[in-house]
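For reference, Swiss-Prot has these:
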- 178: active site, thioimide intermediate (ACT_SITE)
- 185: active site, proton donor (ACT_SITE)
- 80, 81, 82, 217, 218: substrate binding site (BINDING)
- 82, 83, 246, 247: NADPH binding site (BINDING)
């Protein structure tokens, strides 16, 4: 099913009782990129993880909880295998930190070491994280495509030579599958592009084509990005997916080309969707 036999996925493991950064398992990004990208990366971006089950003890032994947000840069050398991150976070449950900031710094240092890049960590109070929203643009899910297939097929993407305003399209129908366990991964995928006009029905068909595909969230988004870039003479492109949570974690990869409006990107990633 995959060559990720060295990960925790699909294996019975014992939950840790003590803080252990060694639980984190990196997976080199180059494993997937070598088949998609030649030369310099055509994108930049970030993988935004949300940790809903995060707790530790203070110096008196009192438990604290938070929602954690981890920003892993797309140019880091590795992604972090999700089950290993879950077990790492559970290893914090009985560990004592003198302050909340000490806990944040420890998590940031451990994740940065595992990812091979500087990971930004923010800890939110539970009552400050009720930010459910919607994505901007047009949902294509009410349209009908001429054909549906269930393995990724870039030839499904169609463009028309009618340059116009910047497009924003999204679909709630993205489904991919874990490359180790085969478990389904559900997501909403959003694209923003300028240059040639992307035919919305073709984007719908392309999104559906991932339904039988097995790969990690980050790799799926990068494939969508490279297929869109290859299919049309686009001036700018951004691809963003918000995956539903599993094991108390969700992963939300964002990839974009060129210069993007920082304020617009901040507004885009600041909201989670209802399924999360």
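Cβ from N, Cα, C; glycine included.
Quick caveat, the model's predicted, so the values are computed rather than measured.
Feature map: annotations from Swiss-Prot on the structure.
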residue : record                              : DSSP (3 states)
80      : substrate binding site              : strand
178     : active site, thioimide intermediate : coil
185     : active site, proton donor           : strand
217     : substrate binding site              : helix
246     : NADPH binding site                  : strand
For the recorded positions 80, 178, which Cβ has the most other Cβ atoms within 10 Å, all shown protein chains included?
80
Cα distance, the residue listed as 'active site, proton donor' to residue 82 (substrate binding site), nearest Å?
12
Quick one: of 81, 83, 218, 246, which binding-site residues lie within 10 angstroms of residue 185 (active site, proton donor), measuring between C-alpha atoms? Sequence order, please.
246
Cα-to-Cα gap, residue 80 (substrate binding site) vs residue 178 (active site, thioimide intermediate), nearest whole Å:
14
Spatial neighbours of the residue listed as 'active site, thioimide intermediate' among the binding-site residues 83, 217, 218, 247 [C-alpha, 10 Å]:
217
If we count other C-beta atoms within 10 Å, could you say which of the binding-site residues 83, 217, 246 has the fewest?
246
What Cα-Cα separation, expressed in whole Å, is found between residue 218 (substrate binding site) and residue 247 (NADPH binding site)?
17
At the level of the C-alpha atoms, what whole-angstrom distance separates residue 246 (NADPH binding site) and residue 217 (substrate binding site)?
12
Where the record says 80, 81, 82, 217, 218 bind substrate, what is the longest distance in Å from one Cα to another among those residues?
11
Between the Cα atoms of residue 247 (NADPH binding site) and residue 217 (substrate binding site), find the distance and write it as a whole number of Å.
15
